[in-house]
């Protein structure tokens with residue numbers, strides 16, 4: 001028994017085959033193009049993403065040597081918030097996918113805030129009014145692509161996050177659905193009642209006719225043969241990437257916390273079966289609905305984590321490969337008072353300031369590129385602590401360890417600095433593809449390979465454990481330097 005998992009991320013699409021114990025058999029990655037039509041705008045081509053998905057699935061099966069008949073289910077995890085609208089009749093997108101990083105909805109969000117509606121929306125959806133989430137992206141497409149608004153009102157247009165788009169295409173238009181974790185990131189879901197909220201839809205002027213059906217992550221979302229399998233298999237195990245990462249790390253219980261380090265970063269705390277919506281900028285979302293039980297999470301997202309390292313390479317040209325940053329950072333005894341605030345598309349949680357620009361502070365004549373590299377790595381850890389402290393304040397939960405995943409967890413400097421700056425141990429996943437493993441676990445649970453969540457948790461092991469070893473005085477000195485840098489930018 002095998003499960004094929006699709007992990008559709010910001011940079012590319014992975015197809016991964018898991019065995020019945022949740023172990024990786026084989027993986028294939030296909031990257032897609034990034035489009036930046038204007039400063040602060042980011043787009044993907046939905047058709048390219050679907051083609052790449054089919055290519056990755058075909059290749060991973062061929063290269064693995066597994067018989068196609070042995071694959072029992074298809075699971076999907078995806079970049080969240082990214083918004084696609086398409087014609088129901090033709091299945092063709094009306095515009096490119098507007099990516100989660102894209103800031104084009106900023107003016108609409110500001111207008112809604114000025115109308116005094118943010119509190120009401122936060123209470124219902126658990127989210128802050130920000131262009132990061134799907135609602136303002138949907139509205140932009142409706143307002144700016146000719147003819148789409150009228151077609152939407154007539155029920156001819158479908159909206160979906162990437163999971164919905166793939167499910168629609170894989171089922172040849174038979175199923176238009178999403179799961180609650182993805183829906184809760186649109187800024188349109190009432191997280192208390194688990195339904196689309198009519199009042200919020202009216203505020204954003206979004207017709208309900210375009211919305212997908214809501215399903216639990218362990219529902220069967222339809223059937224597909226991917227265009228080449230000898231039989232149709234169920235699509236089961238659908239979850240947004242950050243929720244899937246928490247699930248894949250075994251974060252099933254209240255108080256469990258994980259940090260996913262990707263292009264951006266997601267810090268997510270399981271808070272149990274009831275939402276906790278506060279006036280804090282930390283958002284509350286649906287982690288998942290599995291076995292008819294809802295798990296809610298507090299989440300803080302930062303826009304630039306791995307993306308900051310890519311910037312060092314592609315724009316500054318001071319590294320030729322991201323792996324060099326570890327050695328460069330370790331060559332310094334300290335940070336020299338240099339701080340990089342990577343607000344390339346504004347600041348995410350807990351500040352939510354889309355107007356702030358990136359800056360390097362504290363540079364002096366004796367500083368070199370190594371100080372900038374170290375400051376870039378440190379910025380990731382500081383942003384995670386900003387979120388962590390706010391989560392502890394809201395939830396009154398004191399996590400005793402952090403589960404970490406994502407490509408840059410291989411950077412030993414960053415992981416040790418993260419443990420030091422949080423002052424709790426960091427457990428690093430033994431695989432990078434924890435989001436895919438999360439949805440594979442859901443599919444395997446559905447197929448009967450596991451009896452319950454605890455059995456899954458016992459299967460999870462970690463590659464490394466980083467214990468904090470920095471003194472209290474030094475820790476707080478570093479962190480206060482970061483807070484000072486942030487204050488300067490926020491008050492400019």
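The backbone N, Cα and C atoms fix where each Cβ goes, glycine too.
For the recorded site, residue 80 (sn-glycerol 3-phosphate binding site), the DSSP three-state label reads coil. Here Swiss-Prot flags 10, 80, 81, 132, 241 as sn-glycerol 3-phosphate binding site.
Under the heading ADP binding site, Swiss-Prot lists 10, 14, 263, 306, 407, 411. Taking Cβ-Cβ distances under 8 Å and a sequence separation of 6 or more, the neighbours of residue 407 (ADP binding site) in its chain are 261, 262, 306, 432.
As annotated by Swiss-Prot, ATP binding site applies to 10, 11, 263, 306, 407, with the evidence given as sequence analysis. Around the Cβ of residue 10 (sn-glycerol 3-phosphate binding site), 21 further Cβ atoms fall within 10 Å across all displayed protein chains.
Residue 241 (sn-glycerol 3-phosphate binding site): 27 other CB atoms within 10 A of its CB, across all protein chains. The glycerol binding site annotation in Swiss-Prot covers 80, 81, 132, 241 and rests on sequence analysis.
Residue pairs drawn from 10, 14, 263, 306, 407, 411, the listed ADP binders, are separated by up to 22 Å at the Cα level. The Cα atom of residue 132 (sn-glycerol 3-phosphate binding site) lies nearest to that of 263, taking the binding-site residues 11, 14, 263 as the candidates. On the backbone, the CA of residue 14 (ADP binding site) and the CA of residue 241 (sn-glycerol 3-phosphate binding site) stand 12 Å apart. Cβ atoms within 8 Å of the centroid of the Cβ atoms of 10, 11, 263, 306, 407 (the ATP site) belong to the same-chain residues 9, 262, 264, 307, 310, 406, site residues excluded. The most densely surrounded of the binding-site residues 14, 80 is 80 (count of other Cβ atoms within 10 A of its Cβ). In the three-state DSSP classification, residue 10 (sn-glycerol 3-phosphate binding site) falls within coil. Listed in chain order, the residues near the glycerol site other than 80, 81, 132, 241 are 79, 82, 100, 133, 161, 185, 240, 242, 301, each with its Cβ within 8 Å of the site Cβ centroid. Residues listed for glycerol, 80, 81, 132, 241, cover a largest CA to CA span of 15 Å.
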